[in-house]
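Undergrad: Below, the features straight out of Swiss-Prot:
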SIGNAL    1-25  signal peptide
REPEAT    190-199  repeat '1'
REGION    190-256  region '6 X 10 AA approximate tandem repeats of P-[AP]-A-P-A-Y-E-[AP]-P-[AT]'
REPEAT    200-209  repeat '2'
REPEAT    210-219  repeat '3'
REPEAT    220-229  repeat '4'
REPEAT    230-239  repeat '5'
REGION    236-270  region 'Disordered'
REPEAT    247-256  repeat '6'
REGION    309-329  region 'Disordered'
COMPBIAS  311-321  compositional bias 'Pro residues'
């Protein structure tokens, strides 16, 4: 009983640990915490956002480059009075103790090779002739708040040109002016109906319309082209003349009666040309064998089932030897030595053929070689 309770407690403990691990693993990717600079997820999400439109592509690229560059090369604290920020209540602490670099105090930090940041600093250039002090933007007081509020505007009119107008700044509008711009007060636009004067020439352009009926005058010329139509009956006249050769057709009908007789030679018709082709009637002879008896049929079926071993034809007689060994003794003049081997004169010389050669050789060379071998075997060469 105690063992069962211990097993149950261990099982419950393992299940609880599994649930805790599963929930913690699920919470990791579901976290909405924004990654801070320095973490890999920060730079990855800068260029891969789920709700980023294509129009934001360049902005995202610039943002990732700026953040990466700023984190890689942090600013020093000597860039013109804390980066032109005179905040005395919450001064920013230096990120890293960077070595002092020459600062020309013109808004361009030349030690930063970031093109995007350079373009942003270009818009913050100081005046053309700054005050002669180590920090131009601060006026020399780097640790003081040197902001001076501008004096209130005086109500005087004229002088500096910034005062309030004596009539309270109200300008009475000109009711008759309806032109564009401030410098065209005397401009009066021409009346729109005056531009409609060129409209009457439009009916004057319709005058060329009457020549259109004059172009219809050639229409009566069409009946003049129909005059050749009566010539069509004149072409039908040859048809009546051509009907005359029709009577000779019955002259060819007499040979038809000759076919009723015993296939006799038909009378040749009287017409110019080659005689008609003769029709040769070839008799068809059907050959048949007498019906075989049942015993012979069964014998034939039984013979078909036997396997007759074919007898091999007798081997052909061996061909007569082309080369006859010389009857002389072996003491013959020795042949010149071959490059690799020497064949004794008593043995059969080597015969070469096209099959023995790995390369293509002219057949005439083999014929000449074999011919000289034959002569040498007879001591003629």
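Cβ coordinates are placed from backbone N, Cα and C, and glycine is handled just like the others.
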Undergrad: Check the repeat '1' (190-199) for me and report the mean pLDDT.
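TA: Taking every residue in the repeat '1' (190-199) and averaging pLDDT yields 68.
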Undergrad: Could you give the number of helix, strand and coil residues in the compositional bias 'Pro residues' (311-321) as assigned by DSSP?
TA: 0 helix, 0 strand, 11 coil
